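Pulled from TrEMBL, these are the features on record:
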- 19-221: domain 'Neurotransmitter-gated ion-channel ligand-binding' (DOMAIN)
- 224-245: transmembrane segment (TRANSMEM)
- 257-275: transmembrane segment (TRANSMEM)
- 287-307: transmembrane segment (TRANSMEM)
- 342-363: transmembrane segment (TRANSMEM)
Amino acid sequence: FNMNTTMDFMSTLRILKFDLFSDYDKTLAPVHYKGAFEQNFKENFSMMITYAKLTDVNERSMEFSFVLGMMLMYSDPRLTWNPAKYNNISHVYMTLDQVWFPNFHPCESSSITYLSTDGDQVAKIFPNGDIRTIRQAEIVYSCGFDTSLFPFDVQSCGLCFTLNGYDPNAFTFTATIDSGALATDMSEWRVTISNITTSFNYCAHDLCQSVLHYSIILARNPQFWIGLVIIPIFMLGFLILIGLFFSGQENLVKNAIDFGLTTMMSMMVVVGILNDSLSKIESIPCLGLFVLVQISVTSIAVITVLITDKMRRTLSVAANSKEHESSRWWLAVRSITRDERLLRNILFVIFALLHLANFVWLLTNQVR
C-alpha cells in the first residue's frame, strides 16, 4: 500500500477494519478460564481515575455525588493485526459501541449518568488487541455518614465498581489513580482519594461478581459553622448571663423569664437547622450537645437568679434577727446578703466558666 495520500490511508484503514470485524461478534466475551485463544489467557480489566470532582453531599439521605473521569483498559485478542501488513498502522479509533465491552458498573450507588453515549465514545485499539477508552460520568454513591462530631466530622466512604458475571479464573480487575489526577473539593468539603484499593470476589450459583473499592475521605470545613453559628451562640450566651446577673432588682422575675425565652427561641433556630441538615442517628451531634448544654446552663442560671434572690431576702431577715450572734457562719451570711453585688458576681463567674467550658469542649472536637 502507498501511504502518500489521505485516500490511500483511509483505504488501508477500511481494509483493516473489514479484516478485524468481518467475523466479529461484540456480544460474545473473549474469555474462558481454560484459555480459548492462547495458553492461559486471562482477561485483565483495569481502570484509572483521571479526575474526580465532588458535586454534592446530602447528609440526610447519606449520599454524595462525584463527576469521575475513568480510563478503562482491557484486551480483546480477536482485534489483533500485524502493523507491517497494513503500512505500520499503530492504532485505530472506533466508537465504543462497535466493540465488546465488559459488564462494568459502579456499585453501592443509586444512579449514574454518563456524559456521552457509547456511540459517541472513542475506543483506541492497538495491534496487540489492547483497548483503551475514557468514560465521564456523574455517580451518586451511598455512604453511612457518622455525624456525631458535626461540624468537625470526617467521613470515610468508598467509590465502588464491579464486573458482573465473570469467573475470577477468567477475569482480573485492577484499579489505580493517576498521579496527576485532580480531586476537586467543594466549598464545605475536602476530598482525599487513596491510591490503595481493596477488592473481593463473590460467587453464588456458578455466577461471580468482582468488586473493587477506592477509599475516599470527606472532611468537612467547619469555618462556616464556627463563624456564623457557634461563635454567635457563645456571644449570645455571655450577653444573657450579663443581663441576668447585672440587670438590677427592678422587674427581676420578668427580666429572668425574658432572657430564658430569648435563649430558647435562639437555640431552637439552630436545632431546626440541624434537623434539616443531618440524618437521624443514634448519637446527638456535638453541635447539638453544645446547644443543649447552652440551654441547660441558661435555664439553670435563670432559676438560680430567682431562687438566690428569694433566699437572699430570707437570709437577710434571719441574719438581722441574730445580730447578737458572732459565729463565722452568720458573719459570712450577713456579708453576702448585705452585698447583693458580691453574690451576683460569684454566680456570674460560676456560670460564665460553665459557658466557657462548653465552648472549649466543642472546639476540642476539631482536633480529633
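Keep in mind that glycine also has a Cβ here, set from the backbone N, Cα and C atoms.
Counting same-chain residues at least six beyond the ends of the transmembrane segment (224-245), those with a Cβ under 8 angstroms from any Cβ of the stretch are 151, 188, 255-256, 259, 262-263, 266-267, 270, 273, 287, 290-291, 294, 297-298, 301-302, 305, 344-345, 347-348, 351-352, 355, 359, 362-363. Here the transmembrane segment (287-307) has Cβ contacts under 8 Å with residues 150-151, 225, 229-230, 233, 237, 240-241, 244-245, 252-253, 256-257, 259-260, 263-264, 267, 270-271, 274, 347, 351, 354-355, 358-359, 361-362 of the same chain, all six or more residues outside its ends. On the 0 to 100 pLDDT scale, the domain 'Neurotransmitter-gated ion-channel ligand-binding' (19-221) averages 87 in this prediction.
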